[in-house]
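Taking it in order: structure first as structure tokens, then the write-up.
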Amino acid sequence: MGGGFYISKVVGVAGIVLGAGAVATIIALAVVYSEEVAKNNEVISPTNEGSTVKPTLTTTEGSSVSTPEGSSVSTPLLPTAQPSNEPWDKYRLPDTLKPDHYNLTLWPRLKVNEQGLYIFTGETYVVFQCVKETDLILIHSNKLNYTKWEGGQLAKLTALGNITAPTIKSSWLQETTQYLVMQLNGNLTVGELYQLDTKFVGELANDLGGFYRSEYEEDGIEKVVATTQMQPTDARKAFPCFDEPAMKAVFHITLLHPVGTIALSNGMERVTMEGPEGTVEVLKTSFSETKRMSTYLLAFIVIAMLLNRLQIRIYARKKAITDKQGEYALNITGPILKFFEEYYNVSYPLPKSDQIALPDFNAGAMENWGLITYRETALLYDPEMSSNSNKERIATIIAHELAHMWFGNLVTLNWWNDLWLNEGFASYVEYLGANDAEPDWNIKDLIVLNDVHRVFAIDALASSHPLSSEEQAIQKPEQISELFDAISYMYCNVCVCHFLQQTYLKAFSYNNTVYSDLWDHLDLAANSSGVSLPTGFNVNSIMNRWVLQMGFPVITIDTANGHFSQEHFLLDPASRPDVPESEFKYEWIVPIRWMKTGKEQSLTWLKTRTANMTDMKVIENEWVLANLNVSGYYRVNYDVPNWERLLNVLNTTPESIPVINRAQLIDDAFNLARAKYIDTILALRTTKYLKTEKEYMPWESALNNLDFFYLMFDRSEVFGYMQAYLKIQVEELFGHFKNITDNWTKVPSGHMDQYNQVNAIRVACSTGIDECLNLTKGWYKQWMNDPTKNPIHPNLRTTVYCSAISAGGEAEWEFGWNQFNASTIATEADKLRYALACTKQPWLLNKYLEYSLNPTKIRKQDATSTIVYIASNVVGQPLAWDFIRDRWQYIFEHHSFTFAPTGTSSIQLMLLFSQLKDFQAEHNDFGSGNLAIQQSIERTSANIRWVAENKKKVLEWFDGEVPKP
Ligand code: BES
Ligand code: ZN
């Protein structure tokens, strides 16, 4: 990964602290030409209005100025001012010497010294070669005052080779021609290298030439920038140099500058160290050496930190950068940083933000401060080849990691037991950041599908765990790794968490905290913003119930009498005896947002196990819907008549229920059915209205829940009936997308519609709608015929590839495999890697399983997910299971393999269950997989019971819903 392989951008993230006028001034200052100097002078240096700074540091014998450290410097008298034909009276350098490289340290003072002057000090040496014999050294120097060396000379000369340099006879400054002149006591030898050392002081005048001072006002405070303009002949005003364009050399530059400023030069900043210089604390920034270059092109700048100048760079493989795959990340990083600066009300704490895509990377991304690492699919976007889902992942993952720059990096949790707060918080605000970058997506709505439902699924198990653990309980590396599970990533669920955490960040910057520090600050915020917490409770007492006990409640509302109550929700009611005790007795303080017959009611808190509210009582056709927009972390159950009325609303006027809640009703119903709160058939009935539904969220929610039915029944006679039902349900949606995409020639404009188009094709093809199968097979065939032209839209590729490879044989698979190997775009390769697991040929799946553990075929970072893809294919599932068992030792040692807790189907269940148990007994330590395997066993046993209880009635219901010919 070469250093040059990046693109970058300079953005004004510090916009909140920098007024527009000041921004303009800074930008202007960096580019003004000398002719504009006079005009602009008065405008940009308000302190010196109308006056010019006297050149007090020139060449009068005896005049001396003090450096900030107090050492005195002086300049000798000119020997003669008469014009003559001496070399030092000529304006061009003699052709006797040639510079090779310079080492230069400059220290501009951004405050006045005792004499009321802005100065800079410098130390430099130049290594030059003698190309013609001479006893004279001329080097340009203008308005610099030199410190004398031993012997009273203005410079020190040494030879670098095996010879002795002649001593300096006399040295002086030739003002007119701007030279430092040194006459020697002997000749320099041709071909030899010599080093000339000097120490000097110059004035950092606001004269727009050489190393000069620029000033502006910000928030009523005078600010000083040190900057340079060398072209054509002012480099000599910054340091002694052979100041002609042909005198190219390499420059090693170091700038000393005040803490709180950044230094820039031609080279890349290499190291910035903080340390004392004399009695003053300074930063020392060294730059990488320059190319061989002319002096007039040098630049040195010292500027207050974050003055509209944050460097954003994206690094990746060279090809990815030249293909512009980093552009999207580059474009959204600045706005997202700016968003978080405003959100947190704290400036981005670093001067630069580097992000790098690595070909091999285990996690999705890692928030190293100022240098975030990503796997390629999480950072690189190709408009021609990446889908909208790839784009969304990139936007959210960037937002997530950038959110950590403050929450996690600036303020860090004390120990890993509080990791959930770090990750949970970032997982919530990533949606806010991404929403700011892509406001049209409505991405915040997806929190429910992507996060809440995911966490609900495992937090409803008796083997779940509280968010927070005791510090002492987390000691071993495996224990720490185990903490990074979906529960820790749960979003900040109780509404008080949505308040800004600004005072918390300010109070603990560069320090560490425990989670209750945040609650304390939220309490302050809640008090000062007049948020209504339930009487008798503060943030601490509310939040403790959510983080110190595991799980979440189901709220049951009885609309017949206005009764409502809470209970710890368990997916498997039989597991209740296994649930550990809780000091809060599995009661929560629950914020209930709800509506009655389409009209929003005021927020109600449920603080006890049961409560009563007459408003929740309904008459006639009224209905109640709670957890509006799923703003709370709980499920809701109703009395059966209210469920019936809600079903009726779905079937008649679905739009009177917000779209997020349509999705939620389906998810709650299916899960309540699994947990035996309601009948399975009632849950299935929530999918009937989908025939007319066009929105993504309810469809996605239903399909996710029906996946469980597929998993349970895919090898039984129920499967055919279920397919027939879903085929009818999806027909209209398929037709809808065909229409709005002009017969599949384009994609819908809305982000969610694009997702739902994929669902329509996926379900239509998998339930055997011929038109769909012909479409996907045709596209894939077309691509096979001309591999240089892929006719499939990136959004549809995962589904189309999968459908075509599933319906096809060896040729389709091999073509996919070859395309996978040929792809230089990670997101495209990932689509193929997924689709290759869709084949129905066991021998291809076995071959693919073998490939998955061969790092020359499948990258190690992708091994686990490839096996999981294969295991979620009905044909691949038993093959994958055998494979995992055979290779367990290897997998365990080489991969952090985590069990997909849902990846089992019914025919295998009995067998698998006993196998899992044996398996756990055989290998009694799974490292960080211990909890995962426990959850897997618990879920499997619940599934076995569920199938036994539900198979018959589910079959009958599906059968009854399919019209008979
Ligand atoms: N800090 C994590 C990455 C991490 C997790 C490193 C576990 C080591 C062990 C990072 O901030 C993160 O959360 N990454 C997520 C992406 C995010 C969008 C949820 C990931 O890697 O999947
Ligand atoms: Zn994170």
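Cβ coordinates are placed from backbone N, Cα and C, and glycine is handled just like the others.
Please treat TrEMBL annotations as automatic predictions, because they have not gone through curation.
Among Glu376, Glu423, Glu438, only Glu423 appears in TrEMBL as part of the Zn(2+) site alongside His400, His404.
Cβ-based crowding with a 10 Å cutoff singles out Glu401 as the top-ranked of the recorded positions Glu401, Glu423. Tyr489 (site 'Transition state stabilizer') has its Cα within 10 Å of the Cα of none of the recorded positions His400, Glu401, His404. Taking the mean position of the Cβ atoms of His400, His404, Glu423 as the Zn(2+) site, the remaining same-chain residues with a Cβ inside 8 Å of that point are Glu367, Glu401, Ala403, Phe407, Gly408, Asn422, Phe425, Ala426, Ser427, Glu430. Among the recorded positions Glu401, Glu423, Tyr489, residues whose Cβ is positioned under 6 Å from ligand 2 are identified as Glu423. A separation of roughly 10 Å, to the nearest angstrom, links the Cα atoms of Glu401 (active site, proton acceptor) and Glu423 (Zn(2+) binding site). Under a cutoff of 8 A between CB atoms, and with a sequence separation of 6+ in the same chain, the neighbours of His400 (Zn(2+) binding site) are Ala365, Glu367, Ala426, Ser427, Val429, Glu430, Gly433.
Remark: of the recorded positions His404, Tyr489, the most isolated position is Tyr489 (fewest other Cβ atoms within 10 Å of its Cβ).
Secondary structure at Glu423 (Zn(2+) binding site), taken from DSSP and collapsed to helix, strand or coil, is helix. In the predicted model, the domain 'ERAP1-like C-terminal' (623-940) has a mean pLDDT of 88.
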